[in-house]
Amino acid sequence: MGLLSDPVRRRALARLVLRLNAPLCVLSYVAGIAWFLALAFPPLTQRTYMSENAMGSTMVEEQFAGGERARGFARDFAAHRRKTGALPVAWLERTMRSVGLEVYTQSFSRKLPFPDETRERYMVAGTNVYGILRAPRAASTESLVLTVPCGPDSTNSQAVGLLLALAAHFRGQIYWAKDIIFLVTEQDLLGTEAWLEAYHDTNVTGMQSSPLQGRAGAIQAALALELSSDVVTSLDVAVEGLNGQLPNLDLLNLFQTFCQKGGLLCTLQGKLQPQDWTSVDGPLQGLQTLLLMTLQQASGRPHGAHGLFLRYRVEALTIRGINSFRQYKYDLVAVGKALEGMFRKLNHLLERLHQSFFFYVLPALSRFVSIGLYMPAAGFLLLVLGLKALELWMQLHEAGAGPQEAGGASGPGPPVPPAQSVGLASLVAPLLISQAMGLALYVLPVLGQHVATQHFPVAEAEAVVLTLLAIYAAGLALPHSTHRVMGAQAPDRGWMALKLVALIYLALQLACVALTNFSLGFLLAATMVPAAALTHPCGPRLLYAALLVLTSPAAALLGCLFLWRELQEAPLSLAEGWQLFLAALAQGVLDHHTYGALLFPLLALGLYPCWLLFWNVLFWK
């Protein structure tokens, strides 16, 4: 305390902070990027291990042998679907009853906020079919779910056939201590969301659905199955859920364990696991997988039906069967045995999965990085904002103290008049106008789509995207608007106070986001922090303006799309990237209104207004 109360020592500390601020900021930013890139290298990456004792061994004998029966069910399902043009509800009910399940149906409907041009739907209606296998050895207090989503463009027939064959096999076993729900949903994730809302007696998305006539116990875990063929070469697992949620790591470890036991080739993000972690090639391959997971998680989209289960505290995975040109082929029996083993181990659980990690990143299926090891990467980036805020606070304090108390304290900052007050009232106009622009960006595109279609030859989805871009670009006029409001009352040091508020605002947002969705928080920090630290009304304004535009949230999204396709070894041209960018904008708004994804409101109501504050600082008069 003496260091801060003694004026001489305080002035010495201020001079030290001002002198070393720039090199410390550069060092902190480089350390954050380097730390993130090092996450794929030992010792930061660790081997996965099973924490739940009830699932620590794979000593179960899988007996599933219904491969031919599964293929027969798949052929019949595909034939009835082609005949009816929709999900064959009557056939599914009849087939599920024939294998001994309690069968129920649920109808649902949903009017989207604007047409989904990707899937060509607007007024969506469908029917979910589910059968319950009651546990013979326990009351119906807990349950497991095996679900197959069926969309209008992909029938997923082989997955439905395997689900029915597994139901028939499970019906003949007497060791089940949990109910098992076999769920077939229509309209992809919309059907899954309708069923989950009805099962948990809630409505968070405005879905219109009929109440469920049959229920099992509290859902402990769920597996979503997608198969493109009755012969697969590998099983790819998806873990990223809604708003970046991840399942308990033990469930992923269980999947990998039974794939290894059955000799199945398993992948993550479509990438094979590195075999040699002692050389540089293994970690470099793991870094590609890590970057892909980071981009997928940052999007906030549920990358499979499992992503909606995570919202209800149900640990879930999506397993996709891939049929590629790899040498080894596996039939439905091998896949069915892996699923049987997983369900038998989950049947042993005495409580919900909780002993392993919920916050992690994965460079490979057999390697993980826990929250305690990856958070320093975001911490170093946020430290830059703290250092710049401290520098501005020191400059404002020294300038407001007068020349006698300041004692000639000098630093790399610009000279400021010592006797002029900051004038906090001058900050009200840019703060209110920037937040108003963010509110308009959030509200107007969907509300004004019908007005736009009446006056311009565009469709509803195009009107939403074009309105988004128009409002986003209109924010560039914020400095002119605020200066008209403030007139000549803004003090010379007002930009310093405004930038101090903007730095604190941005740091708080990124810190909160990084705690819940590290990937999103890190990507936003890596792009926005340099421009936020360098923005200054003096100096090369065109250079600073270009840097601000290139690191804005929209530009960051466009860059992430190019990086994502590059890592998938399917690079984009500029025209293709722009079309994908427009589709991503529409999909982000649609996901928010349909499933409750939070990326769009975060960018519109939080980060975009904060970015406008830095834009206003740059053009401060």
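Every residue, even glycine, has its Cβ placed from backbone N, Cα and C.
Values in this document were obtained by computation on a predicted structure and should not be read as measured data.
Listed in TrEMBL:
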| type | residues | note |
| --- | --- | --- |
| TRANSMEM | 20-41 | transmembrane segment |
| TRANSMEM | 357-385 | transmembrane segment |
| TRANSMEM | 422-444 | transmembrane segment |
| TRANSMEM | 456-477 | transmembrane segment |
| TRANSMEM | 497-530 | transmembrane segment |
| TRANSMEM | 542-564 | transmembrane segment |
| TRANSMEM | 598-620 | transmembrane segment |
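Only pairs six or more apart in sequence are counted, and the transmembrane segment (456-477) with the transmembrane segment (20-41) gives fewer than three Cβ pairs under 8 Å, not enough to call it a contact. The stretches the transmembrane segment (357-385) and the transmembrane segment (598-620) are not in mutual contact, being linked by fewer than three Cβ pairs under 8 Å (pairs 6 or more apart in sequence).
With a threshold of 8 Å between CB atoms, the same-chain residues lying at least 6 positions outside the transmembrane segment (20-41) that come near it are 283-284, 286-287, 289-290, 361, 363, 369, 373-374, 376-381, 383-384, 387-388, 390-391, 411-412, 522, 525-526, 529-530, 533.
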